[in-house]
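According to TrEMBL, the feature active site, nucleophile maps to 2. Sequence annotations record features per position, and here TrEMBL assigns active site, for Fru-6P isomerization activity to 597. What TrEMBL lists as domain 'Glutamine amidotransferase type-2' is 2-218. Annotated domain 'SIS' per TrEMBL: 281-421, 454-592, in sequence order.
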Ligand code: G6P
């Protein structure tokens, strides 16, 4: 994910920018750049790939004396990772860096092109700098031009702009993407999270959505839609590790909360009106494909299993899912008309990689769905769709699962369109639900507090069953896996309709059942399954939009207009439940015993 650093002051600026960007490396990026104005002169450097490449390019550049500087690490979204698309973006006299998405950039771009502006990149960001210069040329003062620019931007952004027309100033604006300002005497720093400025700034102000302004003469002027405002600085943490967690207790918690935002990144550029577009794929790649086989491990296997329902239901294509370590040794029969999909957060899981190699040897077309570009699985696959979740640090996977599931959902629609198996009405409903997914993933305080309170009931007992039907069965498997990974309590995911064929023998008041009871997917059927358990005195935690009298505990969901919205909202609830139980038990949430984030052994 992209990162921003900025500085106004007397210190050597290149080092401040490169050091700061280095601290943001963990977020993932594929190009980087810096721009400095000193003695009214602009300098700019960009490089594709790692920061070392940028450091090499700036080897002979030093900037001592007063100046302003901005830097950026870019994770490609609109346009490929090239130098032209890397930030900072140049107008005639100004540079801009930006995180987020300018949703109305095409409209703004057309307007600017109509007035003679030439664009050199494929990014949405470049619009900001041209819009600023467009207004500035209409005799507006630089800040007035910036204010007018910000007013026209729609979407999420954190942006910094510098210009030769006001060479001692950084203009800033924030809406939906994080940004903060650091202070140390006369030095002013900007960054998209606090790690780049720890050890440099003493105090900090975390900008709120809708705030903008400028930094000059050792201070900032801050505005929002109601005009100029005052603000209170706070002391800056000195602990980098804590800072990377952005105030959350654990990386896993942070990553659960991030899901709503990263999901927008996963979808960005891929939902095109009433259609799905993957620049990574072409329809020719799918010609001749008449079935799908998916291989994965762990959490990735669960997203695969959920998608098999979607591929068959929406794209009417047979889809079989296999655990990679089982697939490798079963002497599988492979058909050249089968599309072989691997799913992996890390792209390095040994069993998944070997399964992929086997399929390739058998002549199958391969597609990977992965979070890490250039990983072994990505390099080995014919095609890849990146999930864009940003780096996941918690060993127990959360946002990687959510984004994998989203990509697979989009892919099932993409194939349904290709195979002409979806009506316009259904398509509109699916796309509409996708667009609303970030909302269903938002965690509110009330929900988190409620789960925290009820989690105290679930710290012992002789086991958990997570039950669901259809796509909620893989979600039940994933909910149980999350819980056992970080709480070390025994938990199983089970198809609700299958409980009566064995597991119901375990039912008593010490058996905890987490029942996923969506309104839009076989509600009456799962209700009967849960009633059977309740009749045998099992303790029931029901998660549903519909009140359920027999539940011992009940968490009411809100987004019940589409099964996938129910899926994602319930997913968040099961993640927080696992988190809160693990915290109460005093476990190391981010590094659970015996587990590794990337399993590169068989
Ligand atoms: C390990 C991790 C799991 C992950 C699995 C597959 O077991 O602890 O969280 O789901 O590997 O990893 P992958 O990177 O291939 O998705």
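Along the chain as shown, the residues are counted starting at 1.
For all residues, glycine too, the Cβ spot is worked out from N, Cα and C.
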- Query: 10 Å Cβ neighbour count around the residue listed as 'active site, for Fru-6P isomerization activity'?
  - Reply: 15
- In whole Å, how far is residue 2 (active site, nucleophile) from residue 597 (active site, for Fru-6P isomerization activity) when you measure between their Cα atoms? 23
- Taking DSSP H, G, I as helix and E, B as strand, the domain 'SIS' (454-592) contains 66 helix, 27 strand, 46 coil
- Message: Considering every residue in the domain 'SIS' (454-592), what is the mean pLDDT value?
- Response: 95
- Item | Helix, strand and coil totals (DSSP H, G, I; E, B; other) for the domain 'SIS' (281-421) | 62 helix, 28 strand, 51 coil
- Query: Hey, what's the Cβ neighbour count for the residue listed as 'active site, nucleophile' at 10 Å?
  - Reply: 26
